[in-house]
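Written below as structure tokens is the structure these notes are about.
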């Protein structure tokens with residue numbers, strides 16, 4: 001009877017690993033490839049939705065802008081840039097472009113000023129906690145209303161027999177009521193005021209969040225250096241809030257340039273095109289005049305303007 005070799009230093013028996021078959025190697029690569037596709041599979045529903053709801057419609061509108069009599073004819077004719085020339089030389093489009101510029105510029109500046117002002121008021125230590133909570137609720141109310149509710153409320157308030165005219169005549173600022181939304185001289189400014197009222201709470205909340213993110217050490221250091229409240233605001237608060245303010249301003253330019261519902265439900269672009277904007281002009285071209293080709297050209301122009309603003313916004317976000 002032979003004893004087994006129990007020497008621990010003995011070399012292990014010679015074992016050979018069987019070579020991997022081509023089928024097994026191919027299966028491993030396939031599994032690795034399949035694992036790499038898993039993230040794309042999760043993204044596919046979103047990609048499909050974006051394609052169906054955005055990319056395909058945008059491509060169709062761009063193609064319509066180079067054709068004539070689209071939608072109403074089976075075989076529309078290619079006209080090149082004729083639709084763009086017609087739109088850019090249309091006096092109504094130029095009026096809409098001017099009104100849109102005034103509307104978005106005044107609205108954006110007012111949103112920033114009011115948002116910063118009320119945010120500073122809510123961030124001060126002079127007000128108690130309960131007082132701040134009450135003011136937060138009051139200030140944020142306009143942002144909670146839908147566009148339809150805002151339009152109805154302000155049409156009633158700005159009516160010749162409404163509350164605004166009653167208060168102004170009571171204090172002696174005017175002799176008789178004014179139809180603010182039907183007078184060509186006041187309609188654009190009244191509409192801009194309504195848009196400012198509806199939009200400033202979002203700016204207030206965003207700027208307030210930025211203010212609360214500023215370290216108190218910066219203010220203490222500025223105070224030690226002898227800086228008063230004004231210098232602290234100019235040299236500490238504004239520089240710290242600059243990225244937030246710029247980003248909010250660019251976003252508001254994009255949002256306000258695409259405003260349609262509020263304008264349509266208050267003035268409809270009137271009176272006498274006094275409140276005609278690019279959005280209402282495009283809508284009327286398509287669904288009032290049935291000029292779908294020129295409406296598509298106008299929509300593409302608005303899209304290009306929005307893309308320019310979006311480009312600056314993305315660059316600002318990357319710099320942050």
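If you go along the chain as it appears here, the first residue is 1 and each next one adds 1.
A Cβ is built for glycine as well, from the same backbone N, Cα and C atoms used for every other residue.
The feature region 'Disordered' is assigned by TrEMBL to 1-23.
According to TrEMBL, the transmembrane segment annotation covers 40-66 (among others).
Positions annotated as domain 'ABC transmembrane type-1' by TrEMBL: 97-313.
Summarising the annotation, TrEMBL assigns transmembrane segment to 101-122 (among others). Below 8 angstroms of C-beta separation, residues 132, 135-136, 139, 188, 191-192, 195-196, 199-208, 210-211, 241, 245, 248-249, 252-253, 256-257, 259, 277 of the same chain, each at least six residues beyond the ends of the transmembrane segment (101-122), sit close to that stretch.
Proximity of distant same-chain residues to the transmembrane segment (134-157), defined by a Cβ-Cβ separation under 8 Å and at least 6 residues beyond the stretch ends, is recorded for 118, 121-122, 127, 163-164, 181, 194, 197-202, 204-205, 261-262, 265-266. Under the heading transmembrane segment, TrEMBL lists 134-157 (among others).
Marked as transmembrane segment by TrEMBL: 187-211 (among others).
Positions annotated as transmembrane segment by TrEMBL: 244-265 (among others).
Beyond its flanks by at least six residues, the transmembrane segment (292-314) meets 58, 61-62, 64-65, 67-72, 76, 79, 83-84, 86-88, 90, 93, 247, 250-251, 253-254, 257-258, 278-279, 281-283, 285-286 of its own chain at Cβ-Cβ distances under 8 Å. Feature annotation from TrEMBL assigns transmembrane segment to 292-314 (among others).
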Same-chain residues near the transmembrane segment (244-265), Cβ under 8 Å, at least 6 residues beyond its ends: 100, 103-104, 107-108, 111-112, 115-116, 147-148, 150-152, 191, 194-195, 198-199, 203, 206-207, 210, 238, 275, 277-280, 283, 302, 305-306, 309-310, 312-313, 316-317, 320
